[in-house]
Amino acid sequence: MLERAQRTLKREVRYSGVGIHFGKSATLTLEPAKENTGIVFCRSDLLGERIPALLPHVYNTGRSTTLSAGDSVIATVEHLMAALRSSNIDNVIVRCSEEEIPIGDGSSHVFMQLIDDAGICTQNDKVPIARLSQPVYYQSQDTFLAAFPCDELKISYTLHYPQSPTIGTQYRSFVITEESFRKEIAPCRTFALYNELCFLMDRGLIRGGCLENAVVFKDDGVISLGQLRFSDEPVRHKILDLIGDLSLVGRPFVAHIVAVGSGHSSNIALGRKILEVLQP
């Protein structure tokens, strides 16, 4: 059985910023936690329940991933979760002073910086690295995801945006390690199409969105602070989101994930199927 030592942070770290959808300023605190705690969210502005970062606590997947427990809700967890998962952080208490995690620059960069600032501590207890007993898949309209047994965590993603000539079709495949995530995926920012901005605003979303935390694609070009960080930054960001969403399985696992046009809802659906076939 493949296993490794559990890991947590060496010290508490904080970051303050704005939430992209609700536009509220919030302070995020990451605290070390004991073995077998898992990743747990707490609303520091409420006396509500703790929210384990697990699939049964997924509350909403519209444009971001939201968790809940009782009356406590915490939104847009995926970029932080991707950073924690890719850094092999098993145990941490995440406190947030508002209902949404600060967005930073729209990527996982700020969360990787927080982890670096905190340092990583190896713990005594071990955690098994789970494997898939069989392939699983999820399909809905133009979205397809599959997970195959594999000796490493690999993600192959195809993004197809025929409605956006500036995005078009993009494909990337990575073996996910702390190094590959840090260099190839973590810097990649969230994005939106110019012609969907009004729709999102009408739904009460992206109230904190700006060019400091997102990239906007028009039919004839890109609106961004500076150049794209990669020519295929959108598909890399989709991989980032997928890592964050699948981390809610709650156990480290290895598999080859193949995705075509997936989003938060379908990512979570695949995560539930993966959970059913994990061993040990």
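Heads up, the Cβ atoms here are built off N, Cα and C, so glycines get one too.
Annotated features in Swiss-Prot:
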ACT_SITE  H264  active site, proton donor
BINDING   H79, H237, D241  Zn(2+) binding site
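The binding-site residues listed here (H79, H237, D241) include D241 as those with a Cα within 10 A of the Cα of H264 (active site, proton donor).
Of all the recorded positions listed (H79, H237, H264), H264 has the fewest other CB atoms within 10 A of its CB. Other C-beta atoms found within 10 angstroms of the C-beta of D241 (Zn(2+) binding site) number 23, with every protein chain shown included. Mapped onto three states, the DSSP output places H237 (Zn(2+) binding site) in helix.
Each residue in E78, A82, S107, S108, C188, T190, K238, I239, L240, G244 lies on the same chain as H79, H237, D241 and has a C-beta within 8 Å of the C-beta centroid of that Zn(2+) site, without being one of the site residues. According to its DSSP assignment, H79 (Zn(2+) binding site) is helical.
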